[in-house]
Amino acid sequence: MNIEIKKSIKPIKYEDAIKLLEERLLEINNGQKEDLIWILEHEEVYSAGTSYKEKEILNKDISLVKTNRGGKITYHGPGQLICYFVIDLKKRKKDIRKFITLIEETIIDSLSKFNIKTFGDPKNIGIWTDHKGKINKVAAIGVRVSKWIAYHGFAININNDLSKYKNIIPCGISDKGVINLKEIKDQDYKNLDEIIIETFSKNLEI
């Protein structure tokens, strides 16, 4: 099963990225294009998924983009690795829960290459780490499935501005924090994108 790998160097506007994903969704459904994995970085934006609530916005002055992905509200911006995808589950296993687990394993396995221990949480979607005795989210996941084609993706915090999360209740979870990789371990993460692509592609073929 062929997968197109796309990498964008310059930050991409959130709305432009979602438009491309939705166009690819239609093309895959019509048999015109192959699956897609897309690595990018966003311009600053707060995005709200289908289950967010107004009370999760602590600063009413922020600009908010509502989207049809699953999940609640989160922040995207420089220093964050975004991995979007459009994957036809009809060619694989038509099991949404297994696909979410596959995403979680992709992130966990990729970060383990940098000696960073992370884990999923059955009650709170995303990838977490225990840093100095506190549970913090290091990666957010948001997925939508249409006609058994999964799209949207996940975001890994590398060295982004964590103060931006003070304007919201990230992913609707108030009793846990948000962290980035640089705060966990100050090292070079420049090849994380390649590791993500390799691991994700391999997991999709299993």
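Residue numbers in this text run from 1 along the chain shown.
The backbone N, Cα and C atoms fix where each Cβ goes, and this holds for glycine too.
Listed features, source Swiss-Prot:
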- C171: active site, acyl-thioester intermediate (ACT_SITE)
- R69, G70, G71, K72, I73, T74, Y75, H76, A140, I141, G142, G153, F154, A155: substrate binding site (BINDING)
- 31-206: domain 'BPL/LPL catalytic' (DOMAIN)
- K137: site 'Lowers pKa of active site Cys' (SITE)
Site extent for substrate (largest Cα pair distance over R69, G70, G71, K72, I73, T74, Y75, H76, A140, I141, G142, G153, F154, A155, Å): 16
Distance, Y75 (substrate binding site) to K137 (site 'Lowers pKa of active site Cys') (CA atoms, angstrom): 12
Length of the line joining the Cα atoms of A140 (substrate binding site) and C171 (active site, acyl-thioester intermediate), in Å: 8
Listed in sequence order, residues with CB under 8 A of F154 (substrate binding site) and six or more positions away: I82, C83, I103, I107, I127, A139, A140, I141, G142
When distances run from the Cα of the residue listed as 'active site, acyl-thioester intermediate' to each of the binding-site residues R69, I73, Y75, the nearest one: I73
Assigned element (helix, strand, coil) containing C171 (active site, acyl-thioester intermediate), judged by DSSP: helix
Densest Cβ neighbourhood among R69, K137 (recorded positions), 10 Å radius: K137
Arithmetic mean of per-residue pLDDT over the domain 'BPL/LPL catalytic' (31-206): 93
Cβ neighbour count within 10 Å of A140 (substrate binding site): 25
